[in-house]
Amino acid sequence: MSGHTHPCCKIGPSILCADLSCLADECRRMIHSGADYLHLDVMDGHFVPNLTFGHPIVKCLRPKMPDVYFDMHMMVQNPERWVENMADAGANQYTFHVEACDDIPALCRKIQESGMRVGVGLKPGTPVETILPYSDLFDVVLIMTVEPGFGGQRFMEDMMSKVQYLRTNFPDLDIEVDGGVGPSTIDVVAEAGANMIVSGTAITGAADPSQVIALLRNSVENAIQKSQLER
């Protein structure tokens, strides 16, 4: 799995939890509050029951924030259908769900060739072993700690065994966690070895998002430092 040595901490607010009527302003507010990237949930009403937005929104956002890293979480059937559109719209990372994909190597190649980083997502019920045969094709693995498609679910702590397994076996991998992550759950996520933290209402709904982002970052950076000392 490609990545950089000692993956660094990155905090990505989930924009779906923000006020979508003023999306660009909300995105800017998150970046000014210290976010490293923006996590954009694309849902098609098939792979998950909800419907959100697609590449036209991304294309509108890109000129307003030319340097911001857009992490597209593609909760869609036939994820190969949208690769070119998202690349053209200015997305940086394309995270598809392994459960929605018939040919993982072909899709990973397609994403790479389009100039985006390759992310693969696992629903809570999907064992981490599913993706091991393709381990050299990804940049990021996203471990879902809730069922994708609905906000406001309880964080599933038992998913941390997947994170621990990946961190032990792929020390340089970017491991992203999404679902119910906030101040009360960040320590267990950080200790398991995740370095890319997606957080929704805990950040977007906070009186001071910068404070929450700083708290999450502190927890992850402390855990990374501790693990490096133990290596």
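Cβ atoms here come from the backbone N, Cα and C positions, even for glycine.
Automated prediction, rather than curation, is the source of TrEMBL annotations.
These come from TrEMBL:
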- Asp41: active site, proton acceptor (ACT_SITE)
- Asp178: active site, proton donor (ACT_SITE)
- Ser14, His73, Gly149, Phe150, Gly151, Gly152, Gly180, Gly200, Thr201: substrate binding site (BINDING)
- His39, Asp41, His73, Asp178: divalent metal cation binding site (BINDING)
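With respect to their backbone Cα atoms, Gly180 (substrate binding site) and His39 (divalent metal cation binding site) stand 14 Å from each other. Annotated divalent metal cation site His39, Asp41, His73, Asp178; additional same-chain residues within 8 Å of its Cβ mean position, judged by their own Cβ, are Gly12, Ser14, Leu16, Leu40, Asp71, Met75, Thr95, Leu142, Val198.
For Gly149 (substrate binding site), the number of other Cβ atoms no farther than 10 Å from its own Cβ, over all displayed protein chains, is 18. Least crowded of the binding-site residues (Ser14, Thr201), judged by neighbouring Cβ atoms within 10 Å of its own Cβ: Thr201. For the pair Gly149 (substrate binding site) and Asp178 (active site, proton donor), the C-alpha distance works out to 11 angstrom.
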